[in-house]
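According to TrEMBL, the protein carries these features:
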ACT_SITE  His502  active site, proton acceptor
BINDING   Lys93, Gly159, Asp364  FAD binding site
BINDING   Gly224, Ala225, Gly226, Tyr227, Ile228, Gly229, Leu230, Glu231, Gly319  NAD(+) binding site
DISULFID  Cys84-Cys89  disulfide bond
DOMAIN    38-380  domain 'FAD/NAD(P)-binding'
DOMAIN    400-512  domain 'Pyridine nucleotide-disulphide oxidoreductase dimerisation'
Amino acid sequence: MATAVLARPARSLINVVQCVRLIRTQATVMFAKENYEYDLVVIGGGSGGLACAKQAVQLGAKVAVLDFVKPSPRGTKWGLGGTCVNVGCIPKKLMHQASLLGEAIHDSQPYGWQLPDPAAIRHDWATLTESVQNHIKSVNWVTRVDLRDQKVEYVNGLGYFKDDHTVVAVMKNQTERELRAKHVVIAVGGRPRYPDIPGAAEYGITSDDIFSLPQAPGRTLLVGAGYIGLECAGFLKGLGYDVSVMVRSILLRGFDQQMATMVGDSMVEKGIRFHHRSRPLAVEKQPDGRLLVRYETVDEAGTATNGEDVFDTVLFAIGRQAETGTLKLANAGVVTAEGGKSDKLEVDETDHRTNVPHIYAVGDVLYRKPELTPVAIHAGRIIARRLFGGSEERMDYADVATTVFTPLEYGCVGLSEEAAEAAHGKDGIEVYHAYYKPTEFFVPQRSVRYCYLKAVALREGNQRVLGLHFLGPAAGEVIQGFAAALKCGLTMQVLRNTVGIHPTVAEEFTRLAITKRSGLDPTPATCCS
C-alpha cells in the first residue's frame, strides 16, 4: 500500500517534467520561427520605401532599408532618395522652372523692364546642372540624417532574397550581409529602357543622365513621346537648344488624346520638331564626336522609308522597367505579374501583399498602377499602418491627379474622354469645354491658341464630374484643388455654382457652360464676361 502511495507522486513528477520539456520544445520552435532581426526590411530607398519605413518605426517596429544605385550605362550614379529626388520629379521641375524663367525674361520687356541686349541673353548649362545637383545632394544628406534620427537602419547594399524571410545585402566591397525579417517590402522602383538597336546604350543617354550631363546637350533627339520625353524636350527647347522628338505611335499614351494632341501642337508652336511614325535603327558615333542616327518612318499607307540625321545628344525615353531582375524572387517564392512574364509585381488590392503573404510591394514596381511619387508615399504609409498600427485603410488608386510639365503644362484628374465614353457610352456623357486667355499673356502677346480646358461628366442628373483636364500655365497648381473636389463627388451643378477668383486661370473651370454636343464656339470674346 505504502509503495503504491509513493509511486503516485513519482508518476506525477515525471508527467510534470515531460510537460515542461514539451513546452520548452514548442517554445524553441516558436522562437526560431519568430527569431527575426527586424520587423520589417524595405528593399529600395525611394519615396515609397522610405515613407513605409519611417511610418513603421513611428509605430514601434524595428526597420532596415536597403538602397544601392547601379550606375547607368553612361556611369551616372546618385545618392539616397530614389528616382524622384535624384533623376525624376525634382530635377525635372527645376529645369522646367529654368526654362520658364528664360521665357519670362523676354516677357518682361513689354512690362517695362529694361534689358541691356535681349538678343545676347544666353543660358549656361554648367551653372544650372551644378545648382540642381547641389540641391539634390542636400536632399540626399537630409534624407540620411532623417533616417538616423528616426532610428531607421540604412544599409547601402544591393538586396536580394535568400529565402522568404531572409534578405541579403551585397555591399560595395562585395561582402554580403544577411538580414532576417518578419515582413519585407519591395520598393525597388524602375529604370529607363534602351531600345535593342546598335549604339543605343553605348552612345545614348536617358533621364538617368540628363540632369547631371557634364556638357551642354546641344542639338538633341528625344526618342519617345511619353511624359518624360516631352518634358525633357520642353525644358531643353526653353533653354535654347535645338530639339526633335521621335514618335513611334501616339503622344502621351494613357492620357486624354485630344489633350495629348494639343500638348504636341503647342510644342510645335514653340519650335520643337516631331518625327511621327518613326523609330531609330542605329546610333553611330562620328569622328567629330557627334551622333549619326539612322531611322525608319512609316507613312499611313504602311510604306517605310529610311532617313538619317546628326545630333549632339540622343536621349531615350521609351519606357521604364521594374528593377526586379536582381532580387532573386524565386528564392522567396514571389511570382511577377502575368504568370511570371512581367517584370512588375501584382499585389492584393487590400494590403499590397504579393503572392507570398508577408512580402509586400509598393511604388513603380507595381503592375498597372500609377507610377507617381505621391502615390508611392501614400501607399507605403498605408502598408506600415496596416502592419504595425492595426489600421484597416486601403489605398485608393482611382482619380489620381497628375501634371505633365511641358512648356504649356497639362494637368488632369479622373477619366479621359475616351475612357468615360467607353464606360458610359457616347450618349451617357457630356463634355464641357472652353478656350481661355491668361491675363499674364496679354501684355507680352503670348500665344493663347492652346490654352484649353474641359470637364467630362455624366449626362444625367446633377452631372457628376468624371474627369477634369487643363492645358495652360501652372496646371499642377490648378488641378490639385479640383482633384479633392472630384474625390468628394463634384458635379457640374456645384461647379457652376462656385464663384471663381478673378482674374485667375483656375476660375475657368467655374465658367464652363458650352458642351461639345452643342457645337457652339467655346472661344471667349473677353476675359471678364
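Numbering starts at 1 and runs along the chain as it is shown here.
Cβ from N, Cα, C; glycine included.
Bear in mind that TrEMBL entries carry predicted annotations, made automatically and left uncurated.
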Query - Pairwise Cα distance for Ile228 (NAD(+) binding site)/Gly159 (FAD binding site) [Å, integer] - result: 28
Report task. Quick one: of Gly159, Gly224, Gly226, Gly319, which of the binding-site residues has the smallest count of other CB atoms within 10 A? Result -> Gly319
Query raised in the report: From the Cα of Asp364 (FAD binding site) across to the Cα of Cys84 (disulfide bond), what is the distance in angstrom?
Result: 11
Report task. Determine which residues of this chain, when Gly224, Ala225, Gly226, Tyr227, Ile228, Gly229, Leu230, Glu231, Gly319 are set aside, have a Cβ within 8 Å of the centroid of the NAD(+) site's Cβ atoms, and list them as they appear in the sequence. Result -> Leu222, Cys232, Leu252, Ala317
Query raised in the report: For His502 (active site, proton acceptor), which residues in the same chain are close in space, meaning a Cβ under 8 Å from its Cβ, but six or more apart along the sequence?
Result: Cys528
Report summary line: Most Cβ neighbours within 10 Å, among the recorded positions Cys84, Leu230, goes to Leu230
Query - Nonlocal residues around Asp364 (FAD binding site), in sequence order (Cβ under 8 Å, 6 or more apart) - result: Gly46, Gly48, Thr83, Gly189, Gly190, Arg320, Ala322, Glu371, Ala376
Query - Rounded to the nearest Å - Cα separation of Leu230 (NAD(+) binding site) and Gly159 (FAD binding site) - result: 33
Requested in this report: Select one residue from Cys89, Ile228: among these recorded positions, choose the one with the most other Cβ atoms within 10 Å of its Cβ.
Outcome: Ile228
Requested in this report: Please name which of the binding-site residues listed here, Gly224, Gly226, Gly319, is nearest in space to Gly159 (FAD binding site), Cα against Cα.
Outcome: Gly319
Query - Gly319 (NAD(+) binding site) to Cys89 (disulfide bond) - Cα separation in whole Å - result: 16
Query raised in the report: How big is the gap, in Å, between the Cα of Lys93 (FAD binding site) and that of Gly226 (NAD(+) binding site), rounded to a whole number?
Result: 16
